[in-house]
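Shown next, in structure tokens, is the structure this report addresses.
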Amino acid sequence: MESQNPQTSENLDSNPTSPSPANLVHKVKSNLVFQSKWAELNGAMGDLGTYIPIVLALTLAKDLNLGTTLIFTGVYNMVTGVIYGVPMPVQPMKSIAAVAISDGPDFNIPEIMAAGICTGAILLVLGATGLMQLVYKLIPLSVVRGIQLSQGLAFAMTAVKYIRKVQDFSKSKSKENRHWVGLDGLILAIVCACFIIVINGAGEERKERETGNVDDEERNMRSKRIKKTMANIPSAFIVFLSGVVLAFIRKPAVVKDIKFGPSSMEVVQFTSHAWKQGFIKGTIPQLPLSILNSVIAVCKLSSDLFPGKEFSATAVSITVGLMNLVGCWFGAMPCCHGAGGLAGQYKFGGRSGGSVAILGAAKMALGLVLGTSLARILDWFPVGILGVLLLFAGIELAMTCRDMNSKGECFVMLICTTVSLVGSSAALGFVCGMVVHVLLKLRNYSSRDQSGCTVFINGTP
């Protein structure tokens, strides 16, 4: 009797046709459960190297409502953590943000939000109709790896720029070289990077083969205990908290600028010009990046990092679409998921939906308590520390490409990566990668066909 109950319970939990309240509660709990409290808290910091610079830049340059953005992105984090059970990131749409910062007064909040709504609507349609899942199945792994590698290297290069150069986020420009000494100097960034490397190392390692030597086994056990102890140290959280403290030390008067309470939330007023400019300048360049990096690459990376927790491109496309169809009407920054954010949170210990749920709760609390005045604090946050966090997120994403074994796969991946980086377009890299992949397939097919004909001719009397 005891052996039947667990089996019956398991069947009910795995049966998609019986979504009873008990099953839903069980799924939510399992998706939010912490594997390690400090590791999950540490993992929540892994995406901030991307999130903070973009949101801060739009707040300073375009008067983005930071309080509203924090509240909505906090809700997104908690909902996606519950749904997916992995540290699914919520990141600003980078292409739309880049256009907004570089385009001057012609691309303001209405145009930004219109671009987000249009992008979200298209992704929702692609997901609901099943077309996104079809695209996911058709794209070869080597092309996906090329997109991931290019995005990871782009993150890493941006991170090095943050560390080496003084940044003007309001104009999205680098200025003079950063000083070695100071509260935002090169030495501070190097110390933070070394601290993270010592604590986290290069990431999770594959299981070593067993040896029959007793001394080796004892050394391995001691090594594992030391690594486990160090893994419980929240390196990214400590580094980020140090940055917050340094922000107040750099500018003590910033305390006077803090105003408690949420910022006012208003519905954005759109004009026909805003819809037109938002779609042409924002949606068109953003859409390929969202499809490739926010949906396709995220699904593949999740299946690599979290076996058994795979989810469909349909689901990811729908959640990205719904996020923007809800929040952008109220002035929240257009958002998506991202392979870089997922890699960063995994790098620092995020293993469950609880990791991003913590981050979401913190964002909501800051949005409700401090509102837009939080931007004055973030303006003095050491940018070099953000660069360090972003650097490790980019490296973790790039390292997922190490499973390309054949020369042909590496060839396609590197062409896709090179074109994406040099051309600054994931869409262009994707097209080139697909063309090369098809040409190689045709070449191999032609070679096999000619080989078969030769054998047939030589075998005839």
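For all residues, glycine too, the Cβ spot is worked out from N, Cα and C.
From a predicted model like this one, the values you see are computed outputs, not experimental measurements.
Look at TrEMBL and you will find 1-21 tagged as region 'Disordered'.
Look at TrEMBL and you will find 64-86 (among others) tagged as transmembrane segment.
The transmembrane segment annotation in TrEMBL covers 112-136 (among others). Remote same-chain partners of the transmembrane segment (112-136), defined as residues 6 or more beyond its termini with a Cβ less than 8 Å from a stretch Cβ, comprise 58, 62, 64, 93, 96, 99-100, 268, 270, 274-275, 277-279, 281-283, 286-287, 290-291, 295-296, 299, 312-318, 320-325, 327-329, 331, 333-335.
Cβ atoms under 8 Å from those of the transmembrane segment (143-160) belong to residues 49-50, 292-293, 296-297, 300-301, 338-340, 343, 387-391, 393-401, 403-404, 409, 412-417, 420-421, 426, 429-430, 433-434, 437 of the same chain, restricted to positions at least 6 beyond its ends. Per TrEMBL, transmembrane segment is recorded for 143-160 (among others).
Residues or ranges marked as transmembrane segment in TrEMBL: 180-199 (among others).
Feature annotation from TrEMBL assigns transmembrane segment to 229-249 (among others). Counting same-chain residues at least six beyond the ends of the transmembrane segment (229-249), those with a Cβ under 8 angstroms from any Cβ of the stretch are 36, 38-39, 41-46, 48, 183-184, 188, 192, 195-196, 198-200, 255, 348-349, 377-378, 380-382, 385-386, 388-389.
The transmembrane segment feature in TrEMBL is assigned to 311-332 (among others). Under 8 Å from some Cβ of the transmembrane segment (311-332) lie the Cβ atoms of residues 64-65, 68-69, 71-73, 76, 79-80, 83-84, 90, 109, 113-114, 116-117, 119-128, 130, 132-133, 135-136, 265-268, 290, 294-296, 298-299, 302, all in the same chain and six or more residues away from its ends.
The transmembrane segment annotation in TrEMBL covers 353-374 (among others).
Annotation comment: TrEMBL describes 380-399 (among others) as transmembrane segment. Nonlocal intrachain contacts for the transmembrane segment (380-399), taken as residues 6+ away from its ends with a CB within less than 8 angstroms of a stretch CB, comprise 45-50, 52-53, 148-149, 151-163, 166-167, 178, 183-186, 188-189, 192-193, 196, 200, 203, 236, 239-240, 242-244, 246-248, 250-251, 254, 301, 339-341, 343-344, 346-348.
The transmembrane segment annotation in TrEMBL covers 411-440 (among others). Within its own chain, the transmembrane segment (411-440) has Cβ neighbours under 8 Å at 139-140, 142-143, 145-147, 149-151, 153-154, 288-289, 292-293, 401, 404, counting only residues six or more beyond its boundaries.
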Same-chain residues at least 6 beyond the ends of the transmembrane segment (353-374) whose Cβ lies under 8 Å from its Cβ atoms: 31-34, 40-41, 43-45, 47, 59, 65-71, 73-78, 80-90, 257-263, 345
